[in-house]
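Everything below concerns the one structure shown next.
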Amino acid sequence: LAPSTRPWRSPGEPQAPFSLSPPRWPMECEVIQEMIEHIEWVPPKPEPFCPPMGPEQALYTLGEEQGTVVYHSSPGNGAWGSTPERLHSPQTPTTLPASPTALQGSCFIRARVGGAPGPLSSPAAPLEGPQDTTLLFESRFESGNLQKAIKVGPYEYVLMLRPDLYTAKHTQWFYFRVQNTRQEPLYRFTIANMAKPKSLYGQGLQPLLYSQRDAQSRGIGWRRVGTDVCYYRGSAGEPPMFRLSWTMRFPHDGDTCFFAACYPYTYSHLQRYLRALAADPARSRYCRVQALCRSLAGNTVYLLTITSPGGTAGKRAVVVSARAHPGESGGSWAMRGFLDFLLSTHADARLLRRLFVFKVVPMLNPDGVVVGNSRCSLAGRDPNRAYGMVLPGSFPGVWHLRAMVQRVLAEREVVLYCDFHGHSRKNNVFMYGCDAGGNDTGTRLRQRVFPLMLSKNAPDKFSFSSCKFQVQKSKERTGRVCMWRLGVSHSYTLEVAFSGSTLGGRSSHFSMEDLKSLGRLLCDTLLDFCDPAPAKIQQCLVEADALLQQQMGHEPGSGGSWSNVSPSELES
């Protein structure tokens, strides 16, 4: 079902009618049959960042070698069996490999609905009786990621994440279930194989918890939890691994709870949204859902075309995409807000549909989202570094997106491309743009106008000072640079922090509503940016010029020039 074995007649053109078949998984992946769904909920007041702990304050954790494996599930490897396995004794310590997986060095071959055929294995240790307080872990569901849980104390667990499939790295996203909870004890969890040396967990970010009992009885959904949150270097090996540790109490005895790095947004979640959209006679008049292509596993990469009925002559285009990186689920919530507003009856939404043709790819990497990867597709590579590669069979989503934009550019101007992502190391929302230097001053200034306008429309979320415009060599194959080189003059990556905002008096986590509001604010900014009256554009050009003069150390009104200064020097 990969595009390489089913060649398309017209690259970039939608190829198939809209369909909603269940997610397809690699044959190695075991999948439980339960459908995991969560309610949407916004906390009554912002959830503040927690006081971060420094590495020197990290509480002592027993080594994995001194614990008992109570959960182990690795694709292609089945389970460790139905009984817990005692690891090596302290007298003969042997640390676990940094990223154990049965799929290192292998590659994707086949997929099917429901993943591995046959009966499921038993990766969790069975309870010995009602008095057994061991937590029951599970992650074999859509977007789930937890490979191993090791009990190192009565209420203390060391956890290992599964690397992206067919790789040995990219351990960042987590999403798993725990059952058999107790309300009274203080639990401690330590994820022992985080990949990145820096993280917002060191600046006040907390993990997310979802209590099924609270959702059913009180209507409460995902919320931030955790005290003594600490992010620090763990193993001394190469590459080094980093640890995320937190303590918490569960809200109920005998509850079913979930932990996640960010609000999950699965492929099935997207499909439910599209199903409701297709069933709505009003919205479906100006929104057409098609298949851009199939992924490696045969999952549909959906394309939405949104515009007012009655023809597209004279309309410019806007192209928006999300979830090239599956672990950046905040991008999907921003995309959800974008679609909600654009498909609404609001006067500004109607105006946008009259002015533009919107081409929207809400989930570029559905396979990665399905299996719970952090960064890669089933090709075992980052699809946002594959736009310059002529590999439709390996990276069908980005290849067909690029081809589609080329087709649109042959018909009309593309006024904006925006690719929604998440960021694990910087707070707030910001953008990456394209300023290669060498252009005239006006062109370089105009690259900065859209982000500057967005910062004015979202002063408590968007940081213009965090935006970067340098086109680094390592980013040449990203979506924004590729679209810019194709001829989209305003091409951006929208980066949404995993944490929240430090702007406008805030120091708090983003809620689902915060993330969705970004989509609406992007629509507001698009109208400002394309306003036929020049006043807003002129104001932002003057302000951007003054900010660049300030960066160069020139006094206001001094007449100093920055036009011959490279983007790397401007941002140094």
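A Cβ is built for glycine as well, from the same backbone N, Cα and C atoms used for every other residue.
Of the given residue ranges 1-24, 121-144, 217-240, TrEMBL assigns the label region 'Disordered' to 1-24. Among the ranges 433-452, 553-572, the stretch that TrEMBL annotates as region 'Disordered' is 553-572. Counted within 10 Å of its Cβ, the other Cβ atoms near GLU495 (active site, proton donor/acceptor) come to 24, all protein chains included.
On the 0 to 100 pLDDT scale, the model's mean across the domain 'Peptidase M14' (263-530) is 95.
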